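Q: Structure below; questions to follow.
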């Protein structure tokens with residue numbers, strides 16, 4: 001019994017004790033892989049350049065900011081590089097005092113928004129005239145030279161197509177000016193309020209869309225001033241009448257052979273009745289007596 005008890009005690013003392021140890025959690029990304037001894041020995045004589053790869057941010061249009069500063073790296077690019085990098089470009093000054101662009105600051109710049117000069121109607125017409133001059137007096141060679149270059153057997157002069165040196169005296173689109181571009185509007189319909197112009201009153205008041213203008217009418221003070229100056233006095237109609245004291249009238253009218261009724265005189269000093277003179281004037285403007 002004693003031997004059996006000693007065996008049981010020895011078995012209980014040999015059992016291992018379980019211990020719980022919490023190990024720290026290291027990031028695997030920060031751990032460096034150790035190379036073998038053969039790799040370290042072969043790389044001792046080589047020069048290595050450690051290049052930190054820049055993380056390229058994807059452009060997100062939903063994220064905006066006020067800073068536009070971007071980091072630029074100055075590197076050399078070769079065909080063997082697989083990944084293109086951001087390269088900063090520098091420009092060298094020409095070290096001159098001349099300004100960029102045209103010397104006249106664009107003062108003589110030509111505006112060519114219309115048809116080109118070599119293709120516009122003016123050039124087509126001038127080319128047709130040159131061809132007609134070359135073919136003038138020669139037999140027909142049966143060659144088609146285009147729709148605008150038919151032979152003109154009659155030379156046009158003093159017409160709209162007679163002169164091609166100026167684009168203003170012929171038919172077709174006129175060549176627009178190159179240096180001046182003016183916009184002109186002819187106002188054939190002056191939008192003036194008719195009621196206000198004639199009466200000085202408009203029912204729409206200030207909301208009327210037409211212009212209230214009476215500038216061609218005289219004001220009341222102007223009319224009163226003219227009345228004070230006696231500019232509207234009645235004209236004396238008797239001063240146009242022919243008195244018997246100035247000239248001796250003939251005995252009878254030479255047209256109606258009757259006594260004068262409202263006699264009038266011509267430039268050639270011949271007297272007629274007013275009614276007879278107007279009736280004769282409808283037939284001819286010459287004098288009945290001397291035909292002047």
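Positions of Cβ are set from backbone N, Cα and C atoms, glycine also.
These came from TrEMBL, pasted as-is:
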type	residues	note
COMPBIAS	24-35	compositional bias 'Basic residues'
COMPBIAS	45-57	compositional bias 'Basic and acidic residues'
COMPBIAS	58-77	compositional bias 'Polar residues'
DOMAIN	187-215	domain 'C3H1-type'
DOMAIN	253-291	domain 'RING-type'
REGION	1-89	region 'Disordered'
ZN_FING	187-215	zinc finger
Q: Which whole number is the mean pLDDT over the domain 'C3H1-type' (187-215)?
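A: The average pLDDT of the model in the domain 'C3H1-type' (187-215) works out to 86.
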Q: List the helix, strand and coil residue totals of the domain 'RING-type' (253-291) as derived from DSSP.
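A: When I sort the residues of the domain 'RING-type' (253-291) into the three classes, I find 10 helix, 6 strand, 23 coil.
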Q: Per DSSP, what is the residue tally for the zinc finger (187-215) in helix, strand and coil?
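A: Split by secondary structure, the zinc finger (187-215) comes out as 9 helix, 2 strand, 18 coil.
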